[in-house]
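Below is one structure, written out as structure tokens, with a few remarks after it.
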């Protein structure tokens, strides 16, 4: 098994409810190490740039508005098969379809306010990590 890194974002709906610690505990219980973490408030330009792949989708404007509505916690998670493991811990994008005891099933408010973002591939993880972190900010 390969040690990988993936990006996680704890979204404004979760930071507003002080769920950062509870969500971090889920990652750590699953064997993922938090090797980079910062709390910030995304600018409109940052959110638009990060979600640029969705620019032509109907939900793009509301997604950017939501992601800039409050603080987020951006994180680099590391572990064996980190991308897949993180996606399993998060649960399905739509919390109504998420498995029991996943972050989204337990904490999400809606399909948009679903508490967390996670990279969907190792390639995207590398790109997303570089978007928010310099190599010197990641300490394994």
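Heads up, the Cβ atoms here are built off N, Cα and C, so glycines get one too.
The Cβ neighbour count for residue 114 (ATP binding site), using a 10 Å radius and every protein chain shown, is 23. Positions annotated as ATP binding site by Swiss-Prot, on the basis of sequence analysis: 11, 59, 87, 93, 104, 114.
In the three-state DSSP scheme, residue 117 (active site, pros-phosphohistidine intermediate) is classed as strand. Counting only residues at least six positions away in the same chain, the Cβ atoms of 7, 8, 9, 11 sit under 8 Å from the Cβ of residue 117 (active site, pros-phosphohistidine intermediate). Taken from Swiss-Prot, the feature active site, pros-phosphohistidine intermediate covers 117, and the record attributes it to sequence analysis.
In this structure, residue 11 (ATP binding site) belongs to neither helix nor strand by DSSP; it is coil. Max Cα-Cα distance over the annotated ATP binders (11, 59, 87, 93, 104, 114) is 21 Å. A simple way to gauge crowding: the CB of residue 11 (ATP binding site) has 25 other CB atoms within 10 angstroms, across all the protein chains here. Remark: residue 93 (ATP binding site) has 104, 111, 114 as non-local neighbours, by Cβ distance under 8 Å and separation of at least 6 in sequence.
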